[in-house]
Amino acid sequence: MSVYGLQRLYIGGGYVDATSGKTFDTFDPATGELLAQVQQASAADVDRAVASAQEGQREWAAMTAMQRSRILRRAVDLLRERNDELAAIETRDTGKPIGETLAVDIVTGADVIEYYAGLATAIEGLQVPLRAESFVYTRREPLGVCAGIGAWNYPIQIACWKTAPALAAGNAMVFKPSEVTPLTALKLAEIYTEAGVPAGVFNVVQGDGSVGALLTGHPDIAKVSFTGGVETGKKVMSLAGASSLKEVTMELGGKSPLIVFDDADLDRAADIAVTANFFSSGQVCTNGTRVFMHRSVKDAFTQKVLERVKRIRVGKPTDADTNFGPLVSAAQLDKVLGFIESGKAEGAKLLAGGTRLTDGHFGSGQYVAPTVFGDCRDDMKIVREEIFGPVMSILDFESEDEVIARANDTHYGLAAGVVTENLSRAHRTIHRLEAGICWINTWGESPAEMPVGGYKQSGVGRENGITTLEHYTRIKSVQVELGRYNPVF
């Protein structure tokens, strides 16, 4: 018997059964308990979801921007009213501490919907005079039906981030959450329907990567927004282009540098480094896992980091005192433990953690201790590759030019940060770092107003911020002639 029972697809404003006859299981990563059986969508189900979205989108786009804005604001109110209920589900599904999901996941998702609800009425075209009797005007029109493919680390937040600009601009979306954390996207669908979003405007299909491929290759999907790993992102982008030249937004992986200069407030720097590596058990794409510290502060900084790691409260995610939970799945645990063994084998110095936690209730969950490696080199696997777990690599440097070159020596370019009391140095360094999201003397906040996305192989396009609306509209140019038409023939 599962906790939440059988989970169906959400198409056309309500729950429907999948036609595949297949289901998959989702588990609580803290206890191993079966949470739900989830119906897997078939190709016919994807077609049905897209057709429903096309119908709903026509009704949604015909509304005024103010009408759409009011409906989205009602959805925000409902999300906030149900915050505690949704946070409890998210904690069971992801393993995140309840204090984290209560304060972050639904809250920040609702903030983004509220932000775009306010911008819905600000989508407008231009008027361009050509001469006394002729002018051009432009219209920003919705794309139509978009596909959203979510990652397992922030299920409901990612669903909100992808739907908010799409719906504000008059589009519909068919969303596929990760099969690892599939539950809360369905709750978001319920909320949109209750708020007054027309049937079909937000549909949820469940399943593995094969369902994502069906969406990506579907001829009636105009755009794909994907969050996940680099290699999968490349496949999505290739299929999107090959099928129908779809627009894409890609929020992919990272191996982000955090640079601590010799004049930094070391207490602040240590606080930032620990947050940038161990928040959400290290399962955050923007984590600052390559911590570069100036050689002159190596010992003092490392000691402060280790003091803070000892204060991390690993425990049951449902306990209010816990601030560090399990990894999301057994597969992710095995991956992280493999990286830890690689670090040991390549000569990194293990300063903290490095083991799976198995005592007591930890034995039934996917727990690994917060891990810190010192004496790391740039060529180590733990320094070069994204781990997506609680593993910090500490490296030292001597000069500004040196550390910038080393920080940029990666095919990733998602995030970067510096800690220094010298603002000139801070801005000078940030301007040279090849990353799309940067922080000075802080780390990790991604407010609705801030565009987020990567350079290089960390992504294409942006999420959040005003600029994202451009990625969910297309421009129509119209010339108007008020005077005499001069024929060519």
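Cβ coordinates come from backbone N, Cα and C, glycine included.
Keep in mind it's a predicted model, so treat the numbers as computed, not measured.
These features come from Swiss-Prot:
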- Lys162: active site, charge relay system (ACT_SITE)
- Glu251: active site, proton acceptor (ACT_SITE)
- Cys285: active site, nucleophile (ACT_SITE)
- Glu463: active site, charge relay system (ACT_SITE)
- Thr26, Asp93, Val180: K(+) 1 binding site (BINDING)
- Gly150, Ala151, Trp152, Lys176, Pro177, Ser178, Glu179, Gly229, Val230, Glu231, Thr232, Gly253, Cys285, Glu386: NAD(+) binding site (BINDING)
- Leu245, Lys456, Gly459: K(+) 2 binding site (BINDING)
- Cys285: cysteine sulfenic acid (-SOH) (MOD_RES)
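Looking only at the recorded positions Asp93, Glu463, the densest Cβ neighbourhood within 10 Å occurs at Asp93. Rounded to the nearest whole angstrom, the C-alpha distance between Gly150 (NAD(+) binding site) and Lys162 (active site, charge relay system) is 9. Residues Phe27, Pro29, Leu35, Thr94, Trp152, Pro155, Ser178, Glu179, Thr181, Pro182, Leu183, Val328, Ser329 surround the recorded K(+) 1 site, their Cβ atoms falling within 8 Å of the Cβ centroid of Thr26, Asp93, Val180, which are themselves excluded. Within the set of binding-site residues Asp93, Pro177, Glu179, the entry lying nearest in space to Gly459 (K(+) 2 binding site) is Pro177 (CA atoms). The two recorded residues Val180 (K(+) 1 binding site) and Glu251 (active site, proton acceptor) have their Cα atoms spaced 18 Å from each other.
Proximity of Pro177 (NAD(+) binding site) to non-local residues of its own chain (separation of 6 or more, Cβ distance below 8 Å) is seen for Gly150, Pro155, Ala159, Thr184, Ala185, Val204, Gln206, given in sequence order. Each residue contributes its Cα atom, and for Glu463 (active site, charge relay system) and Trp152 (NAD(+) binding site) those atoms are 17 Å apart. A separation of roughly 10 Å, to the nearest angstrom, links the Cα atoms of Val230 (NAD(+) binding site) and Lys456 (K(+) 2 binding site). The residue listed as 'active site, proton acceptor' sits 9 Å from the residue listed as 'active site, nucleophile', counting Cα to Cα. Cα-Cα distance from Thr26 (K(+) 1 binding site) to Lys162 (active site, charge relay system): 23 Å (rounded to the nearest whole number). Cα proximity to Trp152 (NAD(+) binding site) (within 10 Å) is found for the following recorded positions from Asp93, Lys162, Leu245, Cys285, Lys456: Asp93. The most densely surrounded of the binding-site residues Thr26, Thr232, judged by C-beta neighbours within 10 angstroms, is Thr26. Note: the CA-CA distance between Lys162 (active site, charge relay system) and Cys285 (active site, nucleophile) rounds to 16 Å. Counting neighbouring Cβ atoms within 10 Å of each of the recorded positions (Lys162, Lys456), the lowest count belongs to Lys456.
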